[in-house]
Amino acid sequence: MKLLKFGGTSLANAEKFLSVSSIIEENTQTDQIAVVLSAPAKITNYLVKIIENTIKNNQILETVHLAENIFMQLINNFLNIQSNFPHKEIEKIIKKEFNELKNIIQGILLLKQCPDNIRAIIISRGEILSVFIMKSILQSKNYNVTIINPVKNLVAIGDNYLDSTVDISESKKNIQNMNINQSNIILMAGFIAGNKDKKLVVLGRNGSDYSAAVLAACLDANCCEIWTDVDGVFTSDPRKVPNARLLKSISYQEAMELSYFGAKVLHPRTIEPIAQFKIPCLIKNTNNVKSIGTLICEQNCSEKDFLKGVTHLDEIAMFNISGPHIKDVGSVISRIFTMMSRGNIKILLITQSSSENKINFCVYEHDIYKILYLFNKEFQLELKDGLLNPFKIKKNLSILSIVGSNIYKKHNIASKIFSVLGALKINVIAISQGSSKHSISLVIKKENILKAVQHVHNTLFFNKKTIHMFLIGIGGIGSTLLNQILKQKQFLDKKNIEIKICAIANSKKILLLDNTNDLSNWKNDFKKSTQKFNLELLNNLIKNNHFSNSVIVDCTSSQLLSEQYVNFIDNNFHVVTSNKKANTSEWNYYKKIRKSVAQTGKKFLYETNVGAGLPVIETLQNLFKSGDNLICFKGILSGSLSFIFGRLEEGILLSQATREAKELGFTEPNPCDDLSGIDVARKLLILARESGYNIELKDIKIEPLLPNNFKIYEDTDKFLLKLKELDVYFSNKIKQALNVGNVLRFVATIEQKRQFFIKLEEVNINNPLYKVKNGENALAFYTNYYQPIPLVLRGYGAGNNVTASGVFSDLLRTLS
């Protein structure tokens, strides 16, 4: 025996009714089939609306006609699809049902209310008509059909007309006494049962699924299939978490936990009978019959797939009960549970403080006023005598739950969850582990639940580490960085690293990207973008940031942008920058950035500020962490000047060498910054501050390469033209040095007596800076550990490729 249950969306029209009949036919080849049917989609909602409109005496007949027309249109469509369908017979049944409904409505109009027993009769009409229609379809295909009347055979416990529970033992006896022919297809309306007086009652929310589970138990079915409009149970709601995965199988206990904490596929009551009688339950999709679905069974899940889902409940309120004189907290909890049970109120989660004088529990917000009334009545004396404090209520909360087999045995699950929430700046208000040890639940603000679910899910179910990158500046460095990221995609995929480019901007406009954008075509997409860029837009993007690992990448030389770094960091962004302006601003701002980093746990990475792709900053920081101290520093910190002076040695004129350096991407946007020495001074300032010196840019003495009276042009072409006036002067200086076996180098120096200066020096062949040219940088650190031979870092210190690679490296360091 196999039981099949079909939901309302599977019966929404004539075509879907026939699809369901085909599924039933196919299954009859191997098993006897019992079928439980819901009302067609929308019908139950219309029937509820009929009751509401009747009580208000508003648009009654219009709503009745809407519901009736769904059925009439449905059976009319059968005429075009299946010629032998008994259209007239079913039409009579439908009209009879709706005529009876209209008579019932007259009684409601007189009473101006709808008793529960009448409400149950009205809202269950859809299921009954579904059975009549399916019976006619199957009989027209020459199948023998037996209809089980749930009012006569499913025995409801108690007198609740709208949310009954079935006595499976008694119901089983009734159904066995029917002696149903084994060759017949069994049909039964879902959602319905009968009380001890054989009066119709309904089974509450998701009652048709519950009916199916009950009937499966009564028939000793070897399988229960729930056919719906989704492929099965997912690791999270696919509408909210697009990369949620279909679960092939889950245990009864896991299914119970998932449904209890918000998963929509099955109601906990549905799982109870199939778990009790160990009936495997398969969730299938009528719109995708080839999908394997999800099997719910007794077998424990494999160790590999111990995590099963991330789900949530919304519209939650948390009550806080406390008092300085609670002597017996167990008694208080007992009274709370008794009181809530009497009021038919569900406690979703409960926690108790270690001091045993405070209890928190969560309920649905719609129960708040009912609870307050019951509490004030139950604890009237304790409140009056000050033994209990006035109750505190927190609203607008959600419960985030993580479900899996023996989740408590996995020591790193909680740490991963808290790490994600911490990165998102989401505070956990309460935490609880289910008594079944199959779930962990956390209470957070409702406004944070969507991003919490998405990021916790992605962290737990995917090993992939994600960076959400906002790139500002797409000149030489920025565009090269994008090309490097594209080139390294396969390598990053192997390392389970994903870099998502969320925005690309320059000083004029911004391109916002999503997962559908093809990054290989970013230049054309950027040209087409019409959205103007400004700091206000950027700040709005930042405030609405829902990502756990977001990075602002600054590849500009903008002072204004650098002044926003504290704001970026405080709003949950890492900052990676090739822009030296922030680190060379006033000391107070320099410290303010680092204070924000310390407070937020975000990263501020600027390796390229001094040596482009050379590991200068990290090396220096690691030296100091290990207890070393700087004694003296000598370095060539300008790749552009390294290139220029190398070319001068080869007989190239200054103006020509400078133009070549700019064309190769070695210089700043205006080469004047390089030749003035100010760019080197900024780098030396950064090194000095990293070494513990509290200094400003003005404390660095610069002996400029350019004469004091040399006119500076902001226009690059004019500046390079003007530079020709110095060609002969520098050619002569180079020759003088070479004549005595020396070379000219523009050297930055830190000496122990707080001496910081930059000047053009002659260096001999024994100096570590002697052979440095062609765009190389060289940094010689004399420290307690490295003397008399210094620690020397040497390599290309300018150029788009090496600088972009340094930024790329910093970007990846945000994951550590």
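Using the three backbone atoms N, Cα and C, a Cβ is placed for every residue, glycine included.
Within Ala503, Ala505, Ala598, the residue that Swiss-Prot lists together with Gly476, Ile477, Thr556, Gly799 for binding NAD(+) is Ala505. Max Cα-Cα distance over the annotated NAD(+) binders (Gly476, Ile477, Ala505, Thr556, Gly799) is 21 Å.
Using Cα positions, the member of the binding-site residues Ser578, Ala612, Leu614, Glu668, Asp679 nearest to Gly799 (NAD(+) binding site) is identified as Ala612. Under DSSP, Ala612 (Na(+) binding site) is assigned to coil, being neither helix nor strand in the three-state scheme. The DSSP secondary structure for Gly799 (NAD(+) binding site) is coil. Looking only at other Cβ atoms within 10 Å, the busiest spot among the recorded positions Lys508, Lys580, Lys683 turns out to be Lys683.
For the pair Lys580 (NADPH binding site) and Glu668 (NADP(+) binding site), the C-alpha distance works out to 11 angstrom. Spread of the NADPH binding residues is 16 Å (greatest Cα-Cα distance among Ile477, Thr556, Ser557, Ser578, Lys580, Gly799). Taking the Cα of Ser557 (NADPH binding site) as the reference point, the closest of the binding-site residues Ala505, Leu614, Glu668 is Glu668. Comparing Cβ neighbour counts within 10 Å across the binding-site residues Thr556, Ser557, the minimum falls on Ser557. Cα to Cα, Lys508 (NADP(+) binding site) and Thr556 (NAD(+) binding site) are separated by 12 Å.
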